[in-house]
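Asker: Would you mind keeping the following structure in view while I ask a few things?
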């Protein structure tokens, strides 16, 4: 079904004009008008995906409760084990034997009176409770350290760049020590790829640090958005309580033939989508606030509308929530893939065959980015458009103004992703080590799912800074004078960096064109 499906939420059928097509002046005017005037034009967008997400919560919530209760204080109270036994290997002697041996006590059979403590939901629930606590503490500590220090951007960047490679290597060694060779190899490869990526983008770090410092300054000027982020961490913890209860039942329920891992994968995707929706809801709220501050010249300006945070929150959880649900499915994966391909592409030498393959993948990803990019959330916050239209408008705005060259040069998104992964690794390691000493055969299973919990919780606070970065770029593309009025020195630095990037792209395009012309066959002049 098309993502442009809409349903009226209010009496008006008017649509808010897109900022990208209306031009900087009209976009500024549209953003500067009162919230009451804009609310009359807002409609629910991408309603189909809103319904899908709510049904997903209902179905998966019921399934989690079922799996958790199935082994809570009693083994297989709902007799789900009869379905697992359909794929299990039969007990006893081989087939064809006239007298099969009696089956030993089964963990699937509800009539089994002996229930090992290690196979009950409450045995594993405490590990996930610890994971949620560690992840929440790391999330709050990260935002506090980033926002309340003048050099918060520098601290965030140095921690992410220098710590992640080392931490991946250490966890890889721990996996080898615990004889989990697959995970050891996977984490070692991750450490190597991260190191290579950092080496390939070292020249971009000065500009990235500049952008992060200004984004952190913007967040510091808006303490209310940090409270919103903390509140959403609590909301996510409430959902994780149910999720960890159900997953603990799955871990305790020894499904054979890899069934546990498949179930955990399905519920991990569900948790990731839920976390991405909450994270992008915070993204929309913060983007709306930052845009208003830049439009009106400061949070204390007399022209600021009353209760802007409440209005931004209202739009995010009502008319724009369907678009948030839709975009949350794809943007993270596509954005990460784009960073990796850009890093590889920039380091390819004269290997024409490899360059051709990478260029093919690059153009595919660039096409997807037009429809799924994080800058769409700023347009959603300001104009209330559908996700795909917002993404196209934002990308066309960047392409028409040349800001895309600056966005591609900036690594702040990758740095913030590193912080999120580092938070998840710390959470997963703490939980996995504790599980290893109590239930060594479940350490990887519990540790990997705990890592996902930590990443989601830390991501809910990291997104505050990321929203400030994306809003700064959108405002600079819409009307550079907004940035000049907010910080003249930063405006000059941005303009100089943009000029350098456009010159670099122009000279590189000439080199490529001249190189291709040199390979053309020479013809005699007539």
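In case you wondered, yes, glycine gets a Cβ from its N, Cα and C as well.
OK, TrEMBL features for this one:
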REGION    1-36  region 'Disordered'
TRANSMEM  47-69  transmembrane segment
TRANSMEM  127-148  transmembrane segment
TRANSMEM  160-179  transmembrane segment
TRANSMEM  185-207  transmembrane segment
TRANSMEM  228-255  transmembrane segment
TRANSMEM  261-278  transmembrane segment
TRANSMEM  285-303  transmembrane segment
TRANSMEM  315-337  transmembrane segment
TRANSMEM  414-437  transmembrane segment
TRANSMEM  449-476  transmembrane segment
Asker: By Cβ distance under 8 Å, which residues at least 6 away from the ends of the transmembrane segment (449-476) in the same chain are close to it?
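Answerer: Answer is 127-128, 131-132, 134-136, 138-140, 142-143, 146-147, 156, 211-212, 214-216, 218-219, 225-226, 229-230, 232-233, 236-237, 240, 244, 247, 264, 268, 271-272, 275, 278-280, 282-283, 286-287, 290-291, 294-295, 374-375, 377-379, 394, 397-398, 403, 406-407, 410, 412-413, 416, 419-432, 482-483, 494.
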Asker: Between the transmembrane segment (127-148) and the transmembrane segment (414-437), are there three or more C-beta pairs closer than 8 Å, counting only pairs 6 or more apart along the chain?
Answerer: yes
Asker: Going through 185-207, 228-255, 261-278, 414-437 one by one, which has the most CB pairs that fall under 8 Å from the transmembrane segment (47-69)?
Answerer: 228-255
Asker: Would the transmembrane segment (228-255) count as touching the transmembrane segment (414-437), i.e. at least 3 C-beta pairs under 8 angstroms with sequence separation of 6+?
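Answerer: No, these stretches are not in contact.
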Asker: Look over the recorded stretches 185-207, 228-255, 261-278 and say which has the most C-beta pairs under 8 A to the transmembrane segment (160-179).
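Answerer: Stretch with maximum Cβ contacts: 185-207.
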